[in-house]
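> For reference, the structure I am asking about is given below.
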């Protein structure tokens, strides 16, 4: 009996020590009703002792966390809040979309890192948010088993837990992606996600659409190949793109932001560069014929084939011969860096303003590869979903002003690049061949600008002549393709 009493006394003291140790390691503790609990941290014995059950604040009612705007790279310090995907009181899970923000370079979707309830939004639409400052307050979810007795909580095997997670897992996708899928009658369960943890991205939906039969309605070949004859000059009436704004008699002042703010910064730096201009005329008659032959083949692969892939590939072949045009200079023009990759930018006119995504590594891409990438960039650009990667890292730029209707331009270099080309519209103009015969020629004008601090006129002229020869005689490109 003495031995039993001694063991009971030792056990009671040990239990108190364990309680005290547990109490000291748990901050912000609440006291609940007395209960029996087994401290599983000591496997050598099991001990049940009446005491006040302990629980942390976070486990009791959830902890409010300030979700801050993290660094999104490229030296971006502030962004504009363009759209909220949540409101106060909404429940969110990890990787759910919180909002869409726009910097001076790209639009970015911010996703949650926590499971919980939105308690506060710090910004209204079009407000400026700063990196490192709170975006929202999220009350994290309390643990469901935190109020249960540890002794009575059944252990779940690893296999059972895994099975329940897989069975109950929901498809990961942002509201914008779900909306796009719904508009095109696509079941998200049929789409393979390429994002983190199988998240379905907008590119996955677009790729799924391209692979489906009839997902992209083909235009009538007759309409494309045999366009209706143009109206006489005297009957041509300019069509207004949009209605003129109604004059209210009041001036309106608003801040410059988004892509327009980026243009202010870039163009201000660009105009410090001494520009050298060079113009030429390109006969694209043979290229027009070649494209008409290749369009049905590209269309069968689900790709729209424009002239731009040929322009980009010809430029890349020219840059191999004149690498100084694929270079960049530092701010004070003390050092020049010759770029190994040909990341050729394409100026695009969008509702948000001028953006310049670029096709990466054109030097190792085929015409079809370039066309595929251009299709992707154009689709993402039309819905303002281009990533920062798509919009940065350019080494050379082409601006297709002719798609709007221009013939000549004076393009402005995008620093730190050293050259840019502007392409005019293609027009049918009478020209003489080598026999002196008049024929219908497809003429396009090109306007080049180069940084005259490092590029001389002869270099720009030789590059343009080489680029011109590839386009006027497309078969020549076959000799240099790699």
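Cβ atoms are placed via backbone N, Cα and C, with glycine included.
Just so it is clear, the model here is predicted, and its values are computed rather than measured.
Pulled these from Swiss-Prot:
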type: ACT_SITE; residues: 452; note: active site
type: ACT_SITE; residues: 456; note: active site
type: BINDING; residues: 291, 306, 349, 378, 399, 400, 403, 424, 426; note: CoA binding site
type: COMPBIAS; residues: 157-168; note: compositional bias 'Basic and acidic residues'
type: DOMAIN; residues: 172-209; note: domain 'Peripheral subunit-binding (PSBD)'
type: MOD_RES; residues: 105; note: N6-lipoyllysine
type: MOD_RES; residues: 196; note: N6-acetyllysine
type: MOD_RES; residues: 202; note: N6-acetyllysine
type: MOD_RES; residues: 243; note: N6-acetyllysine
type: MOD_RES; residues: 250; note: N6-acetyllysine
type: MOD_RES; residues: 289; note: N6-acetyllysine
type: MOD_RES; residues: 295; note: N6-acetyllysine
type: MOD_RES; residues: 304; note: N6-acetyllysine
type: MOD_RES; residues: 435; note: N6-acetyllysine
type: MOD_RES; residues: 440; note: N6-acetyllysine
type: REGION; residues: 145-160; note: region 'Critical for association with PPM1K'
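Distances, neighbours, how buried they are, the whole picture for these features please.
In this structure, residue 452 (active site) belongs to neither helix nor strand by DSSP; it is coil.
For residue 456 (active site), the Cβ neighbour count at a 10 Å cut-off comes to 11, with all displayed protein chains included.
Cβ neighbours within 10 Å of residue 349 (CoA binding site), excluding its own Cβ and spanning all shown chains: 14.
Beyond the ends of the domain 'Peripheral subunit-binding (PSBD)' (172-209), by six or more residues, the same chain brings 85, 95-97, 100, 109, 111, 215-216, 376, 379-380, 383, 385 to within a C-beta distance below 8 angstroms of the stretch.
Every protein chain considered, the tally of other Cβ atoms within 10 Å of the Cβ of residue 202 (N6-acetyllysine) stands at 19.
Secondary structure at residue 250 (N6-acetyllysine), taken from DSSP and collapsed to helix, strand or coil, is coil.
DSSP classifies residue 289 (N6-acetyllysine) as helix under the three-state reduction.
Note on residue 295 (N6-acetyllysine): other Cβ atoms within 10 Å of its Cβ, all shown chains, come to 17. In the three-state DSSP reading, residue 295 (N6-acetyllysine) counts as helix.
The Cβ of residue 304 (N6-acetyllysine) has 14 other Cβ atoms within 10 Å, all protein chains considered.
DSSP assigns residue 435 (N6-acetyllysine) to coil in the three-state reduction, placing it in neither a helix nor a strand. Note: residue 435 (N6-acetyllysine) has no non-local neighbours, i.e. no same-chain residues 6+ apart with C-beta under 8 A of its own C-beta.
Sequence-distant contacts (6 or more apart, same chain, Cβ under 8 Å) of residue 440 (N6-acetyllysine) comprise 285, 428, 429, 430.
Per-residue pLDDT, averaged along the region 'Critical for association with PPM1K' (145-160), amounts to 35 for this model.
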> Of the recorded positions 202, 289, 304, 452, 456, which one has its Cα closest to the Cα of residue 426 (CoA binding site)?
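That would be 289, the closest of 202, 289, 304, 452, 456 to residue 426 (CoA binding site).
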> Taking the Cβ of residue 250 (N6-acetyllysine) as the centre, how many other Cβ atoms fall within a 10 Å radius?
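A count of 5.
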> Measure from the Cα of residue 304 (N6-acetyllysine) to the Cα of every one of the recorded positions 349, 403, 452, 456, then give the nearest.
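Going through 349, 403, 452, 456 one by one, the closest to residue 304 (N6-acetyllysine) is 403.
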> Give the distance between the Cα atoms of residue 202 (N6-acetyllysine) and residue 349 (CoA binding site), rounded to the nearest whole Å.
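Approximately 21 Å lies between the Cα of residue 202 (N6-acetyllysine) and that of residue 349 (CoA binding site).
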> Under 8 Å Cβ-Cβ from residue 399 (CoA binding site), six or more apart in the same chain: what's there?
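Non-local contacts for residue 399 (CoA binding site): 346, 347, 409, 411, 420, 421, 422, 423.
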> Provide, as an integer number of angstrom, the distance between the C-alpha atoms of residue 291 (CoA binding site) and residue 456 (active site).
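Cα-Cα distance, residue 291 (CoA binding site) to residue 456 (active site): 34 Å.
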> I'd like to know which of these recorded positions, 289, 291, 452, is least surrounded, judged by other CB atoms within 10 A.
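Lowest Cβ count within 10 Å among the recorded positions (289, 291, 452) is 289.
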